[in-house]
Amino acid sequence: MLSDTIDTKQQQQQLHVLFIDSYDSFTYNVVRLIEQQTDISPGVNAVHVTTVHSDTFQSMDQLLPLLPLFDAIVVGPGPGNPNNGAQDMGIISELFENANGKLDEVPILGICLGFQAMCLAQGADVSELNTIKHGQVYEMHLNDAARACGLFSGYPDTFKSTRYHSLHVNAEGIDTLLPLCTTEDENGILLMSAQTKNKPWFGVQYHPESCCSELGGLLVSNFLKLSFINNVKTGRWEKKKLNGEFSDILSRLDRTIDRDPIYKVKEKYPKGEDTTYVKQFEVSEDPKLTFEICNIIREEKFVMSSSVISENTGEWSIIALPNSASQVFTHYGAMKKTTVHYWQDSEISYTLLKKCLDGQDSDLPGSLEVIHEDKSQFWITLGKFMENKIIDNHREIPFIGGLVGILGYEIGQYIACGRCNDDENSLVPDAKLVFINNSIVINHKQGKLYCISLDNTFPVALEQSLRDSFVRKKNIKQSLSWPKYLPEEIDFIITMPDKLDYAKAFKKCQDYMHKGDSYEMCLTTQTKVVPSAVIEPWRIFQTLVQRNPAPFSSFFEFKDIIPRQDETPPVLCFLSTSPERFLKWDADTCELRPIKGTVKKGPQMNLAKATRILKTPKEFGENLMILDLIRNDLYELVPDVRVEEFMSVQEYATVYQLVSVVKAHGLTSASKKTRYSGIDVLKHSLPPGSMTGAPKKITVQLLQDKIESKLNKHVNGGARGVYSGVTGYWSVNSNGDWSVNIRCMYSYNGGTSWQLGAGGAITVLSTLDGELEEMYNKLESNLQIFM
């Protein structure tokens, strides 16, 4: 597989393919499609793919000595324009310039950007389409040359494939290119595939790896068979060097992209039965039960609850109870530091914490540790802490104890960490997680409540209160005794994004997509709410869940430092009514549920009408792009990825939305030398694709540096902070569940001011008015409680 060490004997039965990636978000969909081909030739029934970035090699002089290792090269899709040469494509432009004829016998397949680069090197024109196609499925038409060349062997005359391209190739009059396939739309007849004459170089403009493309595996299989036949005829197959030295080179190349697990996953874990306390009771199945329980809890609590129960979402609620044995992990990305300390350690004050972080005091108080590390190392810190706490116990319960908390948007890949607050003197975390020993877990579908402790310290008085109030009482109050409105005497100053600034940001997104830099850009805004007096966060949460019920409601108020009389700690508060699961996992599988496409509910809008709207080309393409992106994120680590639900329309309290379900199987497969856990998938998948667009790397960088820094200057200077990140848990029984931080509000100052994010995916089919309406609809779901 991608990261496995190569056995020399096994190499002799494999084709070796070099895949050149231009930091695209569909790369591993192609890689896995290549690896899945097994029927290549008698005695050759497997493919090993070595993936490198387009800038891994600085010149062809570095790559040429390695070519005897590879039977073929695949140049993948990516952002940018091939006319910009190495600036956008790295070594790819030099590759197709043929290195003075040294690649004439090397089979090459170019996909999308790779296809354009191949054609450009032959003198073809690559220019912008009048009407761009991103995430749209079209019919492809083969010609006689396609049937003769072998690349499309076994194909019908026409088939459907997904298009993601802003640019197109005009090869008219180019004698060295042999057209193979075309499509037709309002742009006219467009070239979709070609071969460079007298060379084993092929290319396709469409994306064979997309989940909506037909016969993609057959195309790749045909290319691999052609490569093998070519190499036998030219002698490359016999010349391929397979000694130990070259095995080491292949293995080193495989490691140029970091896919090491965060911690070493064991085959077996202890049961932990001696210390784990689990007490089960029968209770009401009503989802309001969670909130009624919260009414009697006097201890500090974090709540991950559901107000809406549906199949596989909202079935469970969790109340986590931090105490003095709970360790708190906080990462400050801009400082490149992580703090670790026990919950409400009496020796730690905010003033001392800030001095230690600023380097003014090297004498660390109490349990405080300050670790100098960047955000990539922060994951290792979490892994080292958790790896000896994992137990094989009660895996049927989603959470029995472990880390709970928030991972902000900037903790994800490709994003620069920056200060996310107006107050330059405050400390703003990019991630905050607390280890929980004691918790209350409720199964709403089965009417079961669990009191759980990892160290046998569950509060006796609380358990007795739960017994007295809720056990075997199948009916609770018909209506929750929580207020639906905030106090009337409180006024709010609301600062919303400027419409003119939004229009400028929308225009920039369109410009970047038309240039080929992105397929889809998730443009987000920030709104600031300042109350005339501080309202307790729990009081706001009570109103929020009443007004906007959702399957992934969350309440986090991090009072992990006890304030001194002269201090006002910058308490992070997070209140969410998110409809979207990001990632759920158990010991061997993980699931993502991307949501894209939104229609507001109203008297004139029903499910049937919303379904028609959400299945239009714009909404379909928006969802398909994220679906293919998520498949890519999973395929990077796991070979078995399946789309188990494809774009179903689901109903929520205020909107209808388009939802898909993607699952990966085999995280800890014994056949693999590298065993992963769900936390590895989480790290490699952040930030959530539904909140970025694609390709992820260049898109998030453009959004952060060129667009949102100006659009949201009234709040965060462009940083999203908590919004667009994820909230959830990593349980010691190898389960995890994280929701996307949308339909949420958050405060870095204990409720003195609140921030609300809202946005939507911009595609070339988007309209300014349509996106503004969608953004305001999403914003209104939570902003309504302040109005």
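Heads up, the Cβ atoms here are built off N, Cα and C, so glycines get one too.
Pulled from Swiss-Prot, these are the features on record:
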type     : residues : note
ACT_SITE : C112     : active site
ACT_SITE : H207     : active site
ACT_SITE : E209     : active site
DOMAIN   : 16-233   : domain 'Glutamine amidotransferase type-1'
REGION   : 304-787  : region 'PABB component'
What same-chain residues, at least 6 away in sequence, bring their CB to under 8 Å of the CB of E209 (active site)?
F26, N29, V30, L33, I111, G216, D628
Distance check, please: Cα of C112 (active site) against Cα of H207 (active site), rounded to an integer number of angstrom.
7
State the three-class DSSP label for H207 (active site), counting H, G and I as helix, E and B as strand, and everything else as coil.
strand
Among the active-site residues C112, H207, the one whose Cβ has the most other Cβ atoms within 10 Å is C112
Summarise the model confidence on the region 'PABB component' (304-787) as a single mean pLDDT, whole number.
91
So, in DSSP terms, is C112 (active site) helix, strand, or coil?
coil
